[in-house]
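The following features are taken from TrEMBL:
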TRANSMEM  41-62  transmembrane segment
TRANSMEM  92-110  transmembrane segment
TRANSMEM  153-176  transmembrane segment
TRANSMEM  188-210  transmembrane segment
TRANSMEM  240-264  transmembrane segment
TRANSMEM  276-299  transmembrane segment
TRANSMEM  354-373  transmembrane segment
TRANSMEM  379-402  transmembrane segment
TRANSMEM  414-438  transmembrane segment
TRANSMEM  444-465  transmembrane segment
DOMAIN    608-666  domain 'CBS'
Amino acid sequence: LTGLIACMIDIAVEKLAGYKYLAVKQNIEKYTELGGLSISLILWAVLNSAFVMLGSLAVAFLEPIAAGSGIPQIKCFLNGVKIPRVVRLKTLVIKVFGVICSVAGGLAVGKEGPMIHSGAVVAAGVSQGRSTSLKKDFKIFEYFRRDTEKRDFVSAGAAAGVSAAFGAPVGGVLFSLEEGASFWNQLLTWRIFFASMVSTFTLNFFLSIYHGKPGQLSSPGLINFGRFDSDSVQYNLYEIPLFIIMGALGGVLGALFNIINYWLTIFRIRYIHRPCLQVMEAMLVAAVTATVSFAMIYFSNDCQPLGQDNTEEYPLQLFCADGEYNSMATAFFNTPERSVRSLFHNPPGTYNPVTLGVFTLAYFALAVWTYGLTVSAGVFIPSLLIGAAWGRLFGILLSFIASSQSIWADPGKYALIGAAAQLGGIVRMTLSLTVILVEATGNVTYGFPIMLVLMTAKIVGDYFIEGRSRIPGLQSVPFLHWDAPPTSHWLTAREVMSSPVTCFNRVEKVGRIVDVLSNTSTNHNGFPVVSDTTENDEPGKICGLILRSQLIVLLKHKVFVERASSRLSQRRLQLKDFRDAYPRFPPIQSIHVSQDERECMMDLTEFMNPTPYTVPQETSLPRVFKLFRALGLRHLVVVDNENRVVGLVTRKDLARYHVGKDGLEELHLAQT
């Protein structure tokens, strides 16, 4: 299914972008002779804005969670945070529609990132054997209706998305392991690999039919870097330092990208939070992108001869002589994927150094501004395109300095290394990105330089600012990183826990349960169950932990002590009843409890978790953090020496502390 969605996106973008560029090209050619090229500019800007407006309206008004690439949200979901609506069918539909509109609208975005989110939604939906959006239950896969199983499937969906996007099944598995899943099961490895393999095969097979060559499996992913011949991919020992320098440059530029985008995101949270303003900003960026592209093509005098083997899709002559085309138009007058491919493979001399330099600066600014708009879009392809442009420029400058055309003759090699450095500097992935790029290029020769460049880019980038993992913090999501904050070693559980704790007795009055669950100010999810409270109103000893969702199912089925004794023939509650209610448990307001029923009692002993994890008050914060991270906890009960409940540590308590110690008010900003 993920492969088919990728196929649909690819065909739709190709068709829409083709019609748009053809219309603008014909218009430009018409007005180059007659004068009045401003009409062509207006046409281009209006077409861009119209596409982007449709995609942005859908995202802003129908499903805001579909904005961006979706990778941070999926990462949070796999970390154990339940983000509302992140894996719904409606989110998938808006995501696919939005990404088609934003790429066809000419924004500096890619369609590869959203494929990861799309794959995750497909996996989450298929694994449950029903659609809660369509209210259709197929009565299959009921065993998988719980958080742990669903999380494993979402890991597989994300991997299938990477596999479809880049034609890299091994890279997909490693992406899920390195970047996605916070919890990994050994059995997952081969299962996810199988899912990734099927995904890339499906896309390959259906695209071969679309291209009129059924059975010729030559386009394994949405992005095709083209074939790198073994003769042209040689490198020598003395080029290794140059690759390291390129990696460092990629790290610096990646850090700059993240810093600017971070402050831009804070600005958007503060001032551009209304949907209508978000749509207007997206349309403005689309129009500015068209204007900048047009201006740079217009003022560029970099003309190249149009040879027999030319692969340009839409060669623009503009003010060039007959038989020549404008080289700047190759970079801008194309979908970003095609531009990357031409930078990798066009022969030496195709691009003027000034063209590449100006293009890099302009596209970098556009990409920074575009990432974070209320549209469905990824950052992979813009990063590759920026890196390929300055990498190719680096190669051309080297050939000038060395004034020899032997080893420096192929600037496409440096374009690939530059693309890897830039992408590594922004997303800070190492292992999975190496394999993805090696699989996408179809050549292992560059494996070592790519590894070297990605490691250097990560080390240099991390020195300045962490990668895009700040986004969960900005969106007020309690995301837990791998390690506890370095300043937390002298803090204890007592200092971060929430207290007093709302507890229930083993046998609790129904009226009190309903009141606690209905209280909007205490929207808790887990409640410690204690032996009866003492006369001094101190909490009793810990007996277990029960979840809000479990209590709602118990209330819905009226599992009261009085009923059990009066009607012995009543059906006992089964695990299936809890699974059928998963994942959208009904709100407490929808459950009717009469005045008489409020006086009944409910025995929680049978349904609670009798052995919840607990820690003493003096436990160090790193220890608490490790328990949360390794066990995937949502609540951790803090007890005193007599095993009485004194507090409860939640993910929010830990995440708030983690963010606060950075000296950055991210959570506070996001909440205000």
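Using the three backbone atoms N, Cα and C, a Cβ is placed for every residue, glycine included.
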Who are the long-range neighbours of the transmembrane segment (92-110) in its own chain, taking Cβ under 8 Å and residues 6 or more past its ends?
5, 8-9, 12-13, 16-17, 20, 44, 47-52, 54-56, 58-59, 62-63, 66-67, 70, 117-118, 121-122, 125, 223, 285-286, 289-290, 293, 335-337, 363, 366-367, 370-371, 373, 375-382, 384-385
Taking a Cβ cut-off under 8 Å, which residues six or more beyond the ends of the transmembrane segment (276-299) line up next to it in the same chain?
37, 40-41, 44-45, 47-49, 51-53, 55-57, 60, 105-108, 268, 316, 318, 326, 328-329, 332-333, 358-359, 362, 366, 369-370, 373-375
Same chain only, please: residues at least 6 beyond the ends of the transmembrane segment (240-264) with a C-beta under 8 Å from a C-beta of the stretch. Say none if there are none.
364, 367-369, 371-372, 383, 386-387, 390-391, 394, 398, 414, 417-418, 420-428, 449, 452-461, 463-468, 470, 474
Take every residue in the domain 'CBS' (608-666), average their pLDDT values, and give the whole-number result.
79
Which residues of the same chain, at least 6 past either end of the transmembrane segment (41-62), have a Cβ under 8 Å from a Cβ in it?
16, 20, 23-24, 27, 90, 94, 97-102, 104-107, 275-276, 278-279, 282-283, 285-287, 289-291, 293-294, 373-376
Checking distant contacts: for the transmembrane segment (354-373), what same-chain residues at least six beyond its ends satisfy Cβ-Cβ under 8 A?
56, 67-68, 107-109, 253, 257, 260-261, 264-265, 268, 278, 281-282, 285, 288-289, 292, 296, 300, 302, 327-328, 331-332, 379, 382-383, 385-386, 389-390, 392-393, 396
